[in-house]
Amino acid sequence: MSGNGFGHLFRFTTFGESHGPAIGCVVDGVPARIPLTEADIQHYLDQRKPGQNRFTTQRREPDEVKILSGVFEGLTTGTSIGLLIENTDQRSKDYGEIKDTYRPGHADWVYQQKYGIRDYRGGGRSSARETAMRVAAGAIARKVLDALAPGLSIRGAMVQMGPHAIDRSRWDWAELGNNPFWCPDGAAAKSWEEYLDTIRKSGSSIGGVVEVVASGVPVGLGAPVYDKLDADLAKAMMSINAVKGVEIGDGFAAAALSGEENADEMRMGNDGQVGFLSNHAGGILGGISTGQDVVVRLAVKPTSSILTPKQSVDAKGNNVEVSTKGRHDPCVAIRAVPVAEAMMACTLADHLLRSLAQPRLS
């Protein structure tokens, strides 16, 4: 199985399965002498880890990361950074009844068809458990960005749960820590609690929309034609489990705009720098960053692991009904927020290093 790595100069490769002994990753391309500790990585892992409230899976994994290589006396050495997280709360028996049955909406059947073998315990390699290592890699990417692009910040939020979207006029980043949804609209978050409680108690699930904003991005990241920044961001976000759609800036809404409405007009500022009067493009033009906020939204489907019986087939070709047991998120979009932030960080770090490797000559 190929396709376990992401990036070019800043590159990470993940390994491990949901119910295996551990998950891990190897991060390459990190410059030497960048301060890095396990606590730096743990800070972001704690934002993603399961079992923190009733709205996420009750699988309780501490997600304690160990740095195995590439760091000496608190500084990166420039060599590969090896990271490991041990799995401690697997319940493989929850999946015994479906080991020969394909769960609708999951990767079970296609894995079996492609490889002739699959780890049925929690989805194996296709499990969102893998995303913990993306968050770990993203924490390192943030340290690279801190060193090479001071002032660059990345923040993510959940802006829609099912059909219920936030009121953008009430957007307040300070609200993110006041609710379990990473929601910037406090009033919306309160209504979501009751809504998701109903979904959760019924054994069902619901999707959502996540928005990630990177501020302070330098001008000039990305390159035509096939190395566009937005193309790589789309790939990064689409690679996250359960993501079924990605848009940059106004995205699909731009299709309904006129040319006059959509174009981000430009003016010279009092500081002598070029400024924009709007940001419909989401901070990227021609695949190259403009210096404005880079804005990405992703649509996250509802998890297919629900109690409601669904029609499927088994390995012997019989028609069956499947009701998925185990511990699952009623809305996976919640924990997708720190994962999306991490993929934004990894993509920007990679493009920043690539840009520095090909400087413009005076």
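Glycine is no exception: its Cβ is also placed from the backbone N, Cα and C atoms.
Taken straight from Swiss-Prot:
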{"type": "BINDING", "residues": "ARG48, ARG54", "note": "NADP(+) binding site"}
{"type": "BINDING", "residues": "ARG125, SER126, SER127, ASN241, ALA242, GLY286, LYS301, PRO302, THR303, SER304, SER305, ARG327", "note": "FMN binding site"}
Distance, ARG48 (NADP(+) binding site) to SER127 (FMN binding site) (CA atoms, angstrom): 14
Reduced DSSP assignment, SER305 (FMN binding site): coil
Chain-internal residues near ALA242 (FMN binding site), provided their CB is under 8 angstroms and they sit 6+ positions away: ALA128, GLY207, VAL300, LYS301, THR303, VAL332, ALA333, ALA336
DSSP-derived class (H/G/I helix, E/B strand, else coil) of ARG48 (NADP(+) binding site): helix
Pairwise CA distance, ARG125 (FMN binding site) versus ARG48 (NADP(+) binding site), rounded so that it is a whole Å: 18
